[in-house]
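> Per TrEMBL, the features are:
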DOMAIN    16-494  domain 'Major facilitator superfamily (MFS) profile'
TRANSMEM  14-32  transmembrane segment
TRANSMEM  52-70  transmembrane segment
TRANSMEM  82-101  transmembrane segment
TRANSMEM  107-127  transmembrane segment
TRANSMEM  139-162  transmembrane segment
TRANSMEM  168-190  transmembrane segment
TRANSMEM  202-219  transmembrane segment
TRANSMEM  225-248  transmembrane segment
TRANSMEM  268-285  transmembrane segment
TRANSMEM  330-350  transmembrane segment
TRANSMEM  362-385  transmembrane segment
TRANSMEM  406-423  transmembrane segment
Amino acid sequence: MTELSEVTAGRREWIGLAVLVLPAVLASLELTVTNLALPAIAADLSASSTQLLWIVDVYAFLLAGSLITMGAWGDRIGRRRLLLIGSAAYGVASILAAYAPTATTLIIARALMGVAGSTLMPATLSLTTSMFTHPRQRAVAIGIIVAGVSGGTAIGPLVGGWLLERFWWGSAFLVAVPVMALLLVVVPLLLPEHRDAGAGRLDVVSAGLSLGAVLPMIYGLKEIAAHGLGAAPVAAVLAGVLVAVVFLQRQRRLAVPLVDLRLFANRAFSVAAATLALGIFVLWGSNYALAQYLQLVHGLSPLEAGLWTAPSAIGVIVGSTLAPRIVHKVGAAGVIGAGLVLSAAGYLVLTRTDGSDGLAVLVSGAVVVSAGLGPMMALATDLVVGSAPPERSGAAAAISSTAPQLGGALGIAVLGSVITAVYRHEMSSQAVPEAARDSLSAAVTVSESLPGSYGLLQSARAAFVQGFHLTAVVSAVLMAGIAFLVMALLRDTKRH
């Protein structure tokens, strides 16, 4: 253990961590609040369905596509400086979004928010790693950051519902402004600056290639999840993969690359990054099915569905804050593996729902799933950023944020396809309108325009529940498989 790793953090660092939790909370809260504001935006700005999709998606696309560049940029200009630049830009873009006179202006503002937002998590995680060099303290600190992200998810429906009931839809975006203003004041006072003095200039070509790789892959996978396989989304995914290959080849040739591929030679780093991607693959895919189950089978509004899923976020908070306190006794492999097995058990609980019962079983299973995933999110993130040299912590933090984005998008596409395939198979023999055989949402729409369509709706919901059950079983098997791989590959890994 190095002398640096034995230095323990004091009161100043823990107060600084409280500041760093703010952008983590805001990042997840903003997504929830924006989704709730869509009906009001559509009415006020006369936004089309396509424009509404872009208002949500352009933020996520540019956020995911810019993470790697921003993490590497933070290594060069300083992580505190990156956080300040991102906070200022995010605040300005949020004001532009709040007072957007047209849907097009709002889409542009959301794009700017996505780019600015991509600075927040890399800066937050890399600053946390630099401030907390003692391994146990670092794990606890990162667990708190992960809990902050989940906390934003939990309070998002409450904050969004309260704002939209009392103010106009622009208040959903203005909620970020005071937070960013506070960061601009306190960050220079409480947080130290850390950067890599020998990082060199940012390679603009690599930055463009990273964006060109991630953007089409995320877009294509999202389109496949929403509309099934098609020439355009498949071509987008393949184009993203091709650009990614070019990006990797360039990183191998550069003396000072945007992403140091030697990081992946560290087994703890590579296995932890893969675990994040695979774990979020399952989580996002199953959550996609869960959201449809709540809204289309139980008939809940988006706000009501968000409130019912809030306990799941609490499960992540408990798991992510508890795991770092016991990891030194059991080891990262044991804690992560046990958590994933617990998640697998939670998915099996979800197979006991039948669509006609209450929500107690559904919520209980979802809480067990999330409580088991909390340790993975905290400890795998800690392994990724903690395994990298201090001067590469920004790039490592960006990878720990990008891997889940790609894994999650793929999970929605794959597990979403599973539930769709089962639904269509179950409905293929039903004497119902052709449109109702495509998806449950289409069946709900058809039933609203047909008299005496209760039987149609019941059949469609039963078919969806069958698909939901299979998705839960597949998720359980995948979680158990990931747990086995983690315990096998990380068993002898030494924590820094």
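For all residues, glycine too, the Cβ spot is worked out from N, Cα and C.
Where the annotation comes from TrEMBL, it is an automatic prediction and has not been curated.
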> When only pairs 6 or more apart in sequence are counted, do the transmembrane segment (202-219) and the transmembrane segment (225-248) reach 3 or more Cβ pairs under 8 Å?
yes
> Taking the transmembrane segment (168-190) as the reference, which of 52-70, 82-101, 225-248, 330-350 gives the largest number of Cβ pairs under 8 angstroms?
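Looking only at 52-70, 82-101, 225-248, 330-350, the most contacts with the transmembrane segment (168-190) come from 82-101.
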> Sort out for me which stretch, of 139-162, 268-285, 330-350, has the most Cβ pairs below 8 angstroms to the transmembrane segment (107-127).
139-162
> Does the transmembrane segment (362-385) make contact with the transmembrane segment (139-162) through 3 or more Cβ pairs under 8 Å, each pair 6 or more apart in sequence?
yes
> What average pLDDT does the predicted model assign to the domain 'Major facilitator superfamily (MFS) profile' (16-494)?
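Across the domain 'Major facilitator superfamily (MFS) profile' (16-494), the average pLDDT comes out at 85.
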